[in-house]
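Taken verbatim from TrEMBL:
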DOMAIN    1-84  domain 'GST N-terminal'
DOMAIN    85-213  domain 'GST C-terminal'
REGION    201-240  region 'Disordered'
COMPBIAS  201-226  compositional bias 'Basic and acidic residues'
DOMAIN    272-355  domain 'EF-1-gamma C-terminal'
Amino acid sequence: MRKCLTAGSHGAFKALIAAQYSGAQVCVLSTPPHFYFGQTGCTPEFLRKFPSGKVPAFEGDEGFSVCESNAIAYYVSNEDLCGSTPEAAAQAVQWVSFADSDVIPPGSTWVFPTAGITRHNKQATEIAKEAVRRILGPLDTHLKTRTFLVGERVTLAEITDVCTLLWLYKQVLEPSFPQAFPNTNRWREVKPCEKMAQFDAKKFTESQPKKETPARKEKGSREEKQKQRKKAAAPAPEEEMEECEQALPCQGPLCSPAQEYLRHAVCGTAMFWEHFGKDGLWYAEYRFPEELTQTFMSCNLITGTFQRLDKLRKNAFAGVILFGTNNSSSISGVWVFRGQELAFPLSPDWQVDYE
């Protein structure tokens, strides 16, 4: 089993994430008694294996050892992560170097004082802010026509740059700052499908209307029957309403017509038009058609929106279509909401940008 001694940092994260993607078996030692922050790196045993005393530090099979997060991430990666061609590998190294040379220096100056690592210097912080703004510009431009930094899949470029930007987004970048970099924000939220989704019998069963089964008759004494009658006569306790039911308590259910529509092409369509509320019908268009370039990226936008709004499933129904070709396309569709108003503001889980 390969061992990795590490403290929580963006450098350690990228090595561990690379191992997750490649399937490399890594045992993380980051807590006592295996690892004491500020102490383990100074012990003679540690310095014998890693003379620099740096973490993260990696000990592989047959006594192989290496430190520096980029080296560890490269070692535990596979060909897809490193770049399957010489050109892709060079581009991946380019973006890894970008994180080290362009992002980390100003990012450290800005973040470290907020974490209590260094003293605050207002002038240095303002210079660091402008430097971060300046380096995010080329990154955002590069991502305008791309889903990934290199090729069409996650590489060490993604892993390194996302982990390096993570502490900035978590610690100091207020919502107004990243608004100028929409492509970078979209890129950070991309979650590729590693394995095709399979049919989930449990979820399917839960989505079906429950059939009432008659109570089984059992022989018993007269007293037991009287007790059962009293229980039946007593008012049933009110069930706790789900968040979506609290938001729309007076509206009829939408799931049954939608389910029938999906199951049966003709009968389902008739049932849908018979039961839906016409005041809940809304036409929608994508707000920024000029940003649509590659059609596969536009499809990612549509599927990503539906994934984020999964909890709205029982209260809305939509059909969205991508029209056109690469660099000349548009997205539009129709939404049917439970009720007469847009449901997006009613719950934090349903919120999207719209106007």
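Glycine is treated like the rest: Cβ placed from N, Cα and C.
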**Complete:** For the domain 'GST C-terminal' (85-213), the DSSP helix/strand/coil residue counts are 88 helix, 0 strand, 41 coil
**Item:** Segment confidence, the domain 'EF-1-gamma C-terminal' (272-355), expressed as mean pLDDT
**Value:** 74
**Item:** Composition by DSSP (helix, strand, coil) of residues within the domain 'GST N-terminal' (1-84)
**Value:** 37 helix, 14 strand, 33 coil
